[in-house]
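Here is what TrEMBL records for this protein:
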- A:99-325: domain 'MacB-like periplasmic core' (DOMAIN)
- A:373-486: domain 'ABC3 transporter permease C-terminal' (DOMAIN)
- A:516-718: domain 'MacB-like periplasmic core' (DOMAIN)
- A:756-865: domain 'ABC3 transporter permease C-terminal' (DOMAIN)
- A:97-121: transmembrane segment (TRANSMEM)
- A:367-389: transmembrane segment (TRANSMEM)
- A:414-440: transmembrane segment (TRANSMEM)
- A:460-484: transmembrane segment (TRANSMEM)
- A:505-529: transmembrane segment (TRANSMEM)
- A:757-777: transmembrane segment (TRANSMEM)
- A:797-819: transmembrane segment (TRANSMEM)
- A:839-862: transmembrane segment (TRANSMEM)
Amino acid sequence: MSKSTASPPQLAQRLLRWFCAPHRLNELEDDLNELFHQRVETVGLRRARWRYCRDVLSLIRPFIIRRQPNEYPNPRTMDMLRNYLKIALRNLARNRVYSFINISGLAVGMAVAMLIGLWIYDELSFDRYFQNYNRIAKVMQTGTFEGEVFHSGYNPAPMGPELRNVYGENFSHVVMLSYDGNNDHILAYGDKKLTKTGSYMSAGAPDMLTLNMLSGTRAGLKDQNSILLSESTAEALFGETDPVGKMVKIDNRLDVKVTGVYEDFPYNTEYWDLKFIAPWDLYASSQEWVKRAQDNVEWGNNSWQVLVQIAPNTTFEAVSAKIKDIRLKHTPEVAFLKPKVYLQPMREWHLYTGWDKAGNSDGRIQYVWLFGIIGVFVLLLACINFMNLSTARSEKRAKEVGIRKAVGSVRSQLIAQFFSESLLVVAFAFVLSILLVLLVLPVFNEVADKQIGILWANPVFWLCGIGFSLVTGLIAGSYPAFYLSSFQAVKVLKGTFRVGRFASVPRQVLVVVQFTVSVTLIIGTIIVFRQIQHAKNRPVGYDRSGLITVAMNTPELYQHYNALRDALIQTGAAVDMSTSSTPTTNLNSRNGGFTWEGKDPALKASFGTVAVSHDFGKTVGWQFVQGRDLSRQFATDSSGIVLNQTAVRYMGLKDPVGKQIKWNDRSFRVVGVIKDMLMGSPFEPIYQTVYMLDYGWANVINIKLNPNRSASESLANIEGVFRKFNPGSPFDYKFTDQQYALKFAAEERIGKLASSFAILAILISCLGLFGLASFIAEQRTKEIGVRKVLGASVTNLWLLLSKDFVILVIIAFGISTFIARYFLNGWLQKYQYHTELAWWIFAVSGAGALLITLLTVSYQAIRAALVNPVKSLRSE
Amino acid sequence: MKGTYLGEFEEVVLLAVAIRAGDAYGAAVVNEIEQQMNRSVNLGAVHSALNRLQEKGLVRSEMGGISAERGGRRKRLYTVTNAGRRALEEVRELRSQMWEAIPKTAWS
């Protein structure tokens with residue numbers, strides 16, 4: 001019979017099987033076959049096949065494709081959810097170690113990401129407190145000096161009036177600002193004396209900065225003898241009483257009336273430490289040098305900041321273009337600097353201030369990027385863990401899937417089950433991570449120098465957190481949900497089900513990614529700390545121990561130099577005392593205009609200039625390499641000058657002592673050369689500096705404490721002396737070694753944050769590894785048992801189990817070496833005084849990572865290898 | 001019940017189901033129509049029509065008994081319901097009514 005020989009077209013058959021709903025397939029196939037065989041008899045094979053195809057195509061209809069609705073009883077979703085929840089919780093409770101690793105690892109990752117997210121949010125919202133955020137700018141100058149691009153926010157006194165009078169139509173406000181390194185002033189009301197940071201500003205400032213006035217008005221600065229206090233200052237000075245209208249004394253000499261109280265600026269603003277604002281006119285009229293600079297229209301003295309609010313109808317770029325040649329116009333003699341005036345918008349102040357020598361932006365934004373990337377990676381690590389462990393675990397649950405299917409679960413229910421399970425775990429982790437953040441936030445704020453809180457009321461925060469949790473839960477749950485639920489119950493329950501050979505490949509790739517990130521972070525952290533240590537080990541050229549500085553901010557201190565010094569030494573608390581124009585930790589004055597014999601006339605020489613008193617050398621303990629210290633015994637020393645070694649090299653002098661140096665029209669004679677004193681940044685080369693005698697140009701008093709007495713006792717004695725000589729001011733002092741340590745604050749902050757993140761990253765990776773190792777050991781229990789029976793030793797088995805992971809870590813180490821080398825080299829190049837990328841750092845990091853891996857894996861490997869094979873083989 | 005309007009092809013299918021009373025499954029209906037009308041029809045069209053008729057309540061289907069010819073698999077057998085029978089009768093009556101109404105002169 002031809003029935004057996006003729007067969008319908010296979011392609012059409014397959015198509016039908018694909019689209020047809022299972023419950024109708026048999027019936028339709030039978031129909032088709034019957035017709036086909038009839039037709040083979042009647043019209044021949046070819047036409048029969050052709051008709052078969054046409055019939056199949058004609059069957060592509062919705063009612064054929066539509067799957068049969070579930071004919072089993074449909075429990076309410078809530079019932080099933082309750083069951084899933086119960087099973088999920090039982091599973092978690094049963095595998096405590098896994099649950100712990102899974103949840104805590106993810107929680108730590110999320111907490112890190114949250115902290116970093118909050119930090120970045122804080123950085124990006126810097127200065128947004130000011131309502132005119134988008135219209136305010138700082139007047140900046142840029143130029144090129146000795147081949148290096150510089151940017152400066154300090155401007156000459158006539159800059160304000162010039163902008164106001166000549167370019168006035170471009171600005172809503174032009175505000176002069178006395179804001180530099182030394183904003184500490186003494187505020188006195190009755191007997192209460194406080195040192196507060198404050199500034200003198202033009203009358204438009206309160207409007208421009210949109211001060212939130214708690215009492216008084218923003219017009220309060222219009223009167224020359226007035227002052228606006230911040231809320232905290234007002235409270236400290238006046239307590240409960242209303243401060244408006246009261247008289248306050250600034251620096252023991254200026255009487256001003258309080259005309260208003262404003263809300264303190266938040267910590268994440270440029271002017272957070274501005275505790276009072278006094279009128280610019282008061283400043284200009286009371287400070288001789290400011291008055292001179294303003295009255296004589298001195299364009300050469302760049303000592304003040306100028307803030308502007310641009311007019312509503314213009315842009316920063318347009319105004320910058322208009323004002324760019326102001327400096328050139330008024331001081332044509334500095335044309336060689338190619339000076340340009342421009343506006344730096346407020347939104348760039350915080351993150352984009354800072355330029356490298358080539359003039360490229362080198363600001364804080366790079367740390368925002370750095371930490372953002374670290375955050376993403378740590379989070380990624382945690383997610384990888386979570387996914388690896390959930391997928392590894394889920395294979396163990398294949399039997400459960402089989403049973404569930406056998407008793408009537410349909411696939412969508414299994415999918416729902418696995419998703420709800422992973423979402424539950426993620427929800428636990430999310431809650432835990434918020435608790436962690438709450439716990440860690442105070443420490444984090446301290447290290448990062450921030451005042452960050454959780455943004456409870458911010459919908460974006462919740463959206464991000466919950467959105468991320470959902471995504472993680474769905475991704476991590478998708479593998480078991482879709483893959484496991486597709487198993488055939490029969491196969492699984494019969495035990496013929498096998499995971500493919502390559503099922504573990506994605507897991508291995510993820511482990512490599514994890515360790516690449518971790519090892520890179522470790523190498524990075526080591527380098528950062530090496531760099532800090534490298535700079536800390538630099539010789540400083542003077543003795544910081546027991547050295548304190550006191551700011552000279554009242555007229556009394558200037559008049560009794562010798563009496564004060566004698567009184568201090570007499571108490572026995574101080575070994576010596578001197579004054580200087582700057583503390584030893586800050587080189588704040590650089591000047592040109594120097595000439596000397598043999599100077600290259602083309603060289604525009606610039607020197608750091610420090611004014612000192614005769615006793616400065618003895619106080620700070622500088623060290624001479626040539627010549628001698630300034631001395632009272634030589635009357636000619638009043639025009640004496642001391643150079644540092646860099647200055648001698650810079651000037652190209654063979655035998656410097658006794659040489660004449662002219663600074664503008666003053667003439668000096670070199671009396672000695674000192675070893676370089678590190679006054680500026682510890683990461684930069686030492687600047688050529690000259691030290692000259694000038695008792696009038698003094699800003700700080702340096703005191704060397706008696707090393708044989710306790711500091712607190714000495715300080716009490718010294719305070720007594722200061723009370724006598726300077727009754728108008730509180731006794732505030734700074735330890736030089738603490739000030740010196742502050743120079744490393746930024747780098748140390750980065751180092752500390754980066755190292756904590758690196759430690760967390762490696763911890764998370766290890767948690768994951770631990771989980772995976774134990775999973776694999778468990779999976780291979782039988783294999784290990786058989787091997788043991790056949791004579792494998794514990795060492796063999798340990799090697800067998802550890803080998804896989806060690807290889808992965810070595811691969812990761814190789815990749816991370818390249819990445820770390822590339823990025824850290826770039827980072828180190830930013831510092832002129834920097835450490836080298838030594839090979840041993842990589843070796844140590846690699847060895848460390850390997851060791852940690854081995855420790856993590858070995859625990860599981862040895863435990864598995866020690867199991868009695870009788871036990872592992874007995875079952876079944 | 002959906003509209004009981006009977007399309008031309010639906011009517012043919014319904015008639016075929018009635019002819020094959022008790023043994024009307026997809027392929028049988030196709031055979032019946034092809035023999036009766038001497039034209040080829042698609043299995044898809046037939047099943048589609050059967051599906052529509054079932055939705056209109058004019059036929060009902062049930063799985064038939066196991067038969068050897070299909071390897072022990074069952075067929076879905078269609079039977080005309082009372083409503084189906086009425087629908088056919090209505091159509092037929094309508095037709096004959098209209099036949100009656102044709103004037104004799106029309107053919108000349």
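Backbone N, Cα and C define each Cβ position, glycine as well.
If you look at the transmembrane segment (A:367-389), the same-chain residues 6 or more away from its ends with a CB under 8 A from one of its CBs are 98, 101-102, 105-106, 108-110, 112-113, 115-117, 119-120, 123-124, 351, 425-426, 429, 468, 472, 475-476, 479, 507, 510-511, 513-514, 517-518, 521, 750, 753-754, 757, 760-761, 764-765, 767-768, 771-772, 775. Within the chain, the transmembrane segment (A:460-484) has long-range Cβ neighbours (under 8 A, six or more residues past its boundaries) at 106, 110, 113-114, 117, 379, 383, 386-387, 390-391, 394-395, 397-398, 401, 414-415, 417-419, 421-423, 425-427, 429-430, 434, 454. Residues of the same chain lying 6 or more positions beyond the ends of the transmembrane segment (A:97-121) and with a Cβ under 8 Å from any Cβ of it are 368, 371-372, 374-376, 378-379, 381-383, 385-386, 389-390, 393, 425-426, 428-430, 432-434, 436-437, 440-441, 444, 448, 450, 452, 454-455, 464-465, 468-469, 472, 757, 760, 763-764, 767-768, 770-771, 774. Within the same chain, residues 508, 511-520, 523, 769, 772-773, 776-777, 780, 784, 787-788, 842, 845-846, 849-850, 853-854, 857-858, 860-862, 864-865 sit at least 6 positions outside the transmembrane segment (A:797-819) and bring their C-beta atoms closer than 8 Å to a C-beta of that stretch. Residue counts of the domain 'ABC3 transporter permease C-terminal' (A:756-865) by helix, strand and coil are 96 helix, 0 strand, 14 coil (DSSP-based). Averaged over the domain 'ABC3 transporter permease C-terminal' (A:373-486), the predicted model has a pLDDT of 84. Across the domain 'ABC3 transporter permease C-terminal' (A:373-486), the DSSP tally of helix, strand and coil residues reads 98 helix, 0 strand, 16 coil.
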